[in-house]
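J.: My questions will all concern the structure given below.
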Amino acid sequence: MAIQSIRLFGDPVLRTPAAPVVDFDKELRKLVKDLTDTMMDAPGAGLAAPQIGVGLRVFTYYVDDRLGHLINPDLDLSADLDEEGEEGCLSFPGLSFPTPRAIRAVAKGFDMHGEPVTIEGSDLMARCLQHETDHLDGILFIDRMDPKQRKLAMKAVREAEWSGLAAPTVRFSPHATGGRAL
Ligand SMILES: [Zn+2]
């Protein structure tokens, strides 16, 4: 097990676009293992490499008993949206908010051995694929909310116990919420 610290909102790494993976080597396989272990420990439904301070286009997911990872993802989204679905993020501990997302998504990319992979998902899986791919572009779920909802979310962020504590070494226990952390 190699559980890493999860970076919190306010850490600049979460706003930095990640670089495509070029070398499908032993280091990459270790990164996938670290992401998987850290996500399962949190526990979360998804985790992107920037959330553990690594600027590479890699994420892991654990949705509906499907555990996996994707490298250099490219997304194709349905036009129809789920406007009201609640979404959380491991970099915003204990908080979840309605966040509009496409209902269906197809993600194409690679596995850690460099083999092409296609993941198709709807509902939570589609939401996860969009949320994690956004992390690789430095985009956070608050950016996807409508302005009114974002204002409420930022108020909750400012009032959260972890607010302003974006030091890389800080970790928190997951709080009981109805939301799903990604
Ligand atoms: Zn997240």
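Using N, Cα and C of the backbone, Cβ positions are placed for all residues, glycine too.
Pulled these from TrEMBL:
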| type | residues | note |
| --- | --- | --- |
| BINDING | C89, H131, H135 | Fe cation binding site |
| ACT_SITE | E132 | active site |
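How about a rundown of where these features are and what they're close to?
T.: Around the Cβ of C89 (Fe cation binding site), a 10 Å sphere holds 29 further Cβ atoms from the protein chains shown.
The Cβ of E132 (active site) lies under 8 Å from the Cβ of G46, L47, A48, F59, Y61, L70, P73, L182, each of which sits 6+ residues away along the same chain.
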J.: Take the Cβ of H135 (Fe cation binding site) and count every other Cβ within 10 Å, whichever protein chain it belongs to.
T.: 25
J.: Around the Fe cation site recorded as C89, H131, H135, what other same-chain residues have a C-beta within 8 angstroms of the site's C-beta center?
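T.: Apart from the listed residues, the neighbours are G46, A48, Q51, L90, S91, E132, D134, L140, F141, L182.
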J.: Near H131 (Fe cation binding site), which residues of its chain come within a Cβ-Cβ distance under 8 Å, counting only those 6 or more away in sequence?
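T.: For H131 (Fe cation binding site), the qualifying residues are G46, E87, C89, R101, F141, L182.
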